[in-house]
């Protein structure tokens, strides 16, 4: 009897393993671990709504419509914009309002998988007022009058726990974004300030940005690729090695997570990254990333101390 019961349980586990992924792939809204997935690939006339949570990654699956120009393999950033409501059963199209006007420091990353845009949306860690944004998909043939979309409700935020000392995230912005576009503490020009230094402590969020929201910057790149997942590291000396940040701070979190998807085309548009330093750091360390512009570099150095200064 017991052997028969074990055999039945084993059979049930195999069935769940085989069939659950297929079943989940046909759900419109999926929550798995720390992911919320809006699946508009299989629901091309649908929509989703979610409240943003920094502990969850929000993903949108959009079908690639063949009659569109997708040669550069990027998800068009103008497809994400501030939500202005529904009129006559259609979403109000506000694509002219660039997403950075609403959320300076937002990141969109995209991977192409099975003729599908696999988009991840990372709002910044400072949001000055409650806001709702939408990201839309192209309409498929036969559904031209219907716009599939994901709606994201984002609450006013002042750091992860309202713990910022100022109004901005600690970090180096070699895009020199200022005024309404400012989101990092140090907007700088690499031509006049090739070195930017940040002091950080356990629990801090730090950032880097290489992109200007107002001026086209030729040949901009964030190095090492995948920063802050990968960083140049030193124990407060000037001898650096490239390593995964979790080798030196095991509980550190980085946004976006591009470790498994190098060469992400949308990340080359946004050129922004954040690092959440864990609440416990064993020792003082030094890391850096840089913004590269056709061989010229802006160096962003982060001195991370194990304890806060008294």
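Here the Cβ of each residue, glycine as well, is placed from N, Cα and C on the backbone.
Looking up 55, 118 in Swiss-Prot shows the N-linked glycosylation site annotation sitting on 118. Record note: of 69, 114, Swiss-Prot gives the feature N-linked glycosylation site to 114, with no matching annotation on the rest. Within the list 47, 72, the entry that Swiss-Prot describes as N-linked glycosylation site is 72. Neighbours of residue 227 (disulfide bond), defined as other CB atoms within 10 A of its CB across all chains, total 24. Of the disulfide-bonded residues 38, 289, 38 has the largest number of other Cβ atoms within 10 Å of its own Cβ. Shown for the domain '6-Cys 1' (25-157): DSSP residue counts in helix, strand and coil, namely 8 helix, 56 strand, 69 coil. Every protein chain considered, the tally of other Cβ atoms within 10 Å of the Cβ of residue 137 (disulfide bond) stands at 27.
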